[in-house]
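Trainee: Okay, handing you the structure first.
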Amino acid sequence: MTISNTNFLETKKPLSLPLLAFITIYLMLLHRVNSSDSLSFTFNNFPPNSEDLIFQKDASISSNETLELTRISSSGQPATSSVGRALYYTPVRLWDKSTGRLASFKTTFSFAITSPTQDPGDGFAFFIAPPDTTPGYGGGLLGLFNGFNLRNSSNNGVAVNNQSAQIVAVEFDTYINGQCDPKYRHVGIDVNSITSLAYTQWQWQNGVKATAQISYNPASQKLTAVTSYPNSTPLTVSLDIDLQTVLPEWVRVGFSASTGQNVERNSILAWSFSSSLTTLTAKKEDMYIARYV
């Protein structure tokens, strides 16, 4: 081990036990603080009876260890009028109330939407919400929202001061609901309402594995989603948003899906997530201790 402090090298005295104990305790506390500021996990598949996930309504894990968001019959067929959600158990610290720091995050997942017809419904979403979030209505609301905040035309679709609708989502919408959707299937970003504030047309492929990556940059305050099928051009949609003004300090992340009279199988095949608050500049006294470690 090389120590950079010249005076310390010249004394050639070992660190005293009290100082070593202090440094050890300091590093342990530092680790604990950092661990609450960041979170990462990876599911290459979804083992049965996973204790890391919260299942709501019809969500389940299949015998093939895929995450099925909506109800599937014993014969493998999707059911009508189904709502299901799955959330990661450990909450994510999205921002720090005491410092105003905002987290960056990135999530990547692969999925397949499979329908017995070419008219599926209704879609699924990756979403961020308060830790005590509960399922919303099915059909076009994707299990995310209740009918009262379907649309707020006076504020571009955002439900103003609606504490029960603290949700940011990236939706993969397969069914066109005329009252709140563009006239095509789309990937959209929703903020407190099922009416997407940003969206792009999406060519759904029946039963084909797709990949999505969603990221948030706190410096630019930009939320970006990139979606692709094999051998196709990736689709990108982004939105400028200060998540600190929309969501609480602690949140949960997960998936939500629904069917109506039209049906589909919403399968999440793999999922990874990582988040971290912006690192603060080290204090002068911390730098002094670090010289001796």
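In case you wondered, yes, glycine gets a Cβ from its N, Cα and C as well.
Swiss-Prot lists these features:
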type	residues	note
SIGNAL	1-35	signal peptide
CARBOHYD	Asn64	N-linked glycosylation site
CARBOHYD	Asn152	N-linked glycosylation site
CARBOHYD	Asn162	N-linked glycosylation site
BINDING	Glu171, Asp173, Asp181, His186	Mn(2+) binding site
BINDING	Asp173, Tyr175, Asn177, Asp181	Ca(2+) binding site
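Map these features onto the structure and tell me what's around them.
Mentor: DSSP classifies Asn64 (N-linked glycosylation site) as coil under the three-state reduction.
When secondary structure is read from DSSP and collapsed to three states, Glu171 (Mn(2+) binding site) falls in the strand class.
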Trainee: When the number of other CB atoms within 10 A of each residue's CB is tallied over all shown chains, which of the recorded positions Asn64, Asn177 has the maximum?
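Mentor: Counting every other Cβ within 10 Å of each candidate, the maximum falls on Asn177.
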Trainee: According to DSSP, folded down to helix, strand and coil, what is Asn177 (Ca(2+) binding site)?
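Mentor: For Asn177 (Ca(2+) binding site) - judged by DSSP and reduced to three states - the answer is coil.
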Trainee: Report, in whole Å, the straight Cα-to-Cα distance of Tyr175 (Ca(2+) binding site) from Asp181 (Mn(2+) binding site).
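Mentor: Their Cα atoms are separated by 9 Å.
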Trainee: Taking DSSP three-state, what's His186 (Mn(2+) binding site) in: helix, strand or coil?
Mentor: strand
